[in-house]
């Protein structure tokens, strides 16, 4: 919400906290068939996209999220050629995926085309890869897309979704994970944004349990900073048909494209498990 002093504030009542950003102006607001989208110009974080009152993307720190949702999984898979991005309408994850020359096809499936069109207008740097011949943008229900896809047709699935409410709620259950498992090839990996380890620990633990129930052999969670998200600390959880410890470190160290956060050392560090998190997994998984 915006208050009289020109601050945008997102409150987290369940955790007794909030995030506020000083704004210069509201640039856009609309209600789509799926959600309410707002764009602000802020004093310190550049442009900010807000969906249903929740911060999604800012100019200043989006690189943290997009790099960590993509490069760790792509350097864990032995040979990622085909990638699906479920959600990801701001196109930042698509841009990072297509920095990998070995990727031959990347399909982004987002239910709300307006997110992408507004990103193209207000966050054009995130959409630089939209015209890449390897990219395909679909504006349909990602859950239905996965359900109708053939067996063993994709190497990596990235679920770059909003919080597990509204249009994204169906992306956090066993039925969806089973369909992803079916669609993945032998060494296939699913990675899904999994909220804050401080605020949403039971959700992450349940994701590990449900992913394994859906047939995945291994699960691992990686951690990274994300200032505009609840608690400022975020996570992504991988589920693999095979070994998730096969980090292609030589390839990561020799990467031919620039990143602002991700490198081989960050990759290793991101998977370090805090004691409280390990305890929760042992208790709840």
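Glycine is treated like the rest: Cβ placed from N, Cα and C.
Marked as domain 'PABS' by Swiss-Prot: 5-241. Among the features that Swiss-Prot reports, S-methyl-5'-thioadenosine binding site is placed at 35, 110, 141, 142, 167. Per Swiss-Prot, spermidine binding site is recorded for 66, 90, 160, 161, 162, 163. Annotation comment: Swiss-Prot describes 160 as active site, proton acceptor.
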Discussion item. Applying a 10 Å Cβ distance cut-off over all chains shown, what neighbour count does residue 66 (spermidine binding site) have?
Written reply: 25
Response to the item:
Excluding its own, the Cβ atoms lying within 10 Å of the Cβ of residue 90 (spermidine binding site) add up to 26
Discussion item. Please compute the mean pLDDT of the model over the domain 'PABS' (5-241).
Written reply: 95
Worksheet item: Counting other Cβ atoms within 10 Å of each Cβ, which of the binding-site residues 110, 160, 161 scores lowest?
Response: 161
Worksheet entry | 35, 110, 141 filtered to the binding-site residues whose C-alpha is within 10 Å of residue 161 (spermidine binding site) | 110
Worksheet, complete the sentence: As a whole number of Å, the Cα atom of residue 66 (spermidine binding site) is distant from the Cα atom of residue 142 (S-methyl-5'-thioadenosine binding site) by 19
Worksheet item: By the DSSP assignment reduced to helix, strand and coil, which category contains residue 142 (S-methyl-5'-thioadenosine binding site)?
Response: helix
